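Participant: One structure coming up, written as structure tokens, with questions to follow.
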Amino acid sequence: MAAERQDALREFVAVTGAEEDRARFFLESAGWDLQIALASFYEDGGDEDIVTISQATPSSVSRGTAPSDNRVTSFRDLIHDQDEDEEEEEGQRFYAGGSERSGQQIVGPPRKRSPNELVDDLFKGAKEHGAVAVERVTKSPGETSKPRPFAGGGYRLGAAPEEESAYVAGERRRHSGQDVHVVLKLWKTGFSLDNGELRSYQDPSNAQFLESIRRGEVPAELRRLAHGGQVNLDMEDHRDEDFVKPKGAFKAFTGEGQKLGSTAPQILNTSSPAQQAENEAKASSSISIDESQPTTNIQIRLADGGRLVQKFNHSHRISDIRLFIVDARPAMAATSFVLMTTFPNKELADENQTLKEANLLNAVIVQRLT
């Protein structure tokens, strides 16, 4: 085992030209797997300071002298140029040891493209497929972002003078989906859609999206948003700027509270309709009615805009009406209010009076907050 590790160490040093301590570090990190260690070494940029030895041109191949400005390009030259482009995308190739007739070739990781190159490629691909560069124009407040086509009726002109013009009614535009307008912003380290979050250029999950843009196609995730409608995509170049998270839209308070600004603030009901109906039923059942005694119906107009109608005996007191209101609207238990008649408008100050004594039989009572 030790001999195999020593052989791997010597071969690593021979291939990379690295120091023995550094070679041992990469081999130990790779579990003494020579291939993985070499790939890790070159991916880490360990070959930056190593001088590569150029291969000598075979002497057996004779070439005639040709002028330096030779304008004839052979098919072999085209293949050679294509191979060079593929090698730039694929990564550098390395030869790992072996004998005269055997050996192993290791392909390094692909060359990472800078964000500037990536953005240039996206704009270039979009222009090749019909995209048009436009200047950013500031819109007036009343200006729409997109002109609407004429959709009214009109007269169809005849082809000959003797033909009469016929009125043609306009057809309504049929929408199979909804039109979507999206702004793609290309930043220094990533891109964003409209006011969304930053998405990295290097994230594999974004590769298909960017490739669709480069081919001049609308990405699938944007087509799904339109549900069959038209997708208008604008691209903005911000490659020299760092991503700035947009400010969140203002969201108004949606809770409940009291209306201020008057001597008698309006109490906003916080109960749901079902809870309110349950409270009113409990309040009605809490009033004990003696059917053998005379009864009357009292209508109560509440300060929150509600209305209650309850049966009482003539012997019930005004204080019983107050308790009924509090049971029907528990939120008013801690609220100061008075009860008043409508015509004439008079406060019922003595709540110990019976309904008959206060002349409130079949009357309308109004609740007023104090």
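Using the three backbone atoms N, Cα and C, a Cβ is placed for every residue, glycine included.
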Participant: May I ask you to indicate which of 68-71, 80-83, 172-175 is given in Swiss-Prot as motif 'Nuclear localization signal'?
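Facilitator: In Swiss-Prot, residues 172-175 carry the label motif 'Nuclear localization signal'.
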Participant: Identify the motif 'Nuclear localization signal' range according to Swiss-Prot, selecting from 109-115, 256-262.
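Facilitator: Comparing 109-115, 256-262 with Swiss-Prot, motif 'Nuclear localization signal' matches 109-115.
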Participant: Excluding the flanking five residues on each side, which residues at least 6 beyond the ends of the region 'Disordered' (272-292) place their CB within less than 8 Å of a CB in that stretch?
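Facilitator: Here the qualifying positions are 308, 310-313, 315-316, 320, 323-325, 327-330.
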Participant: Pop the mean pLDDT for the motif 'Nuclear localization signal' (109-115) in here, whole number is fine.
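Facilitator: Taking every residue in the motif 'Nuclear localization signal' (109-115) and averaging pLDDT yields 63.
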Participant: Tell me the coarse DSSP state (helix, strand, coil) of Ser192 (phosphoserine).
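Facilitator: Note: Ser192 (phosphoserine) is in a strand by DSSP.
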Participant: Among Ser114, Ser192, Ser272, the modified residues in question, whose Cβ has the most other Cβ atoms within 10 Å in this structure?
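Facilitator: By the 10 Å Cβ neighbour count, Ser192 comes out on top.
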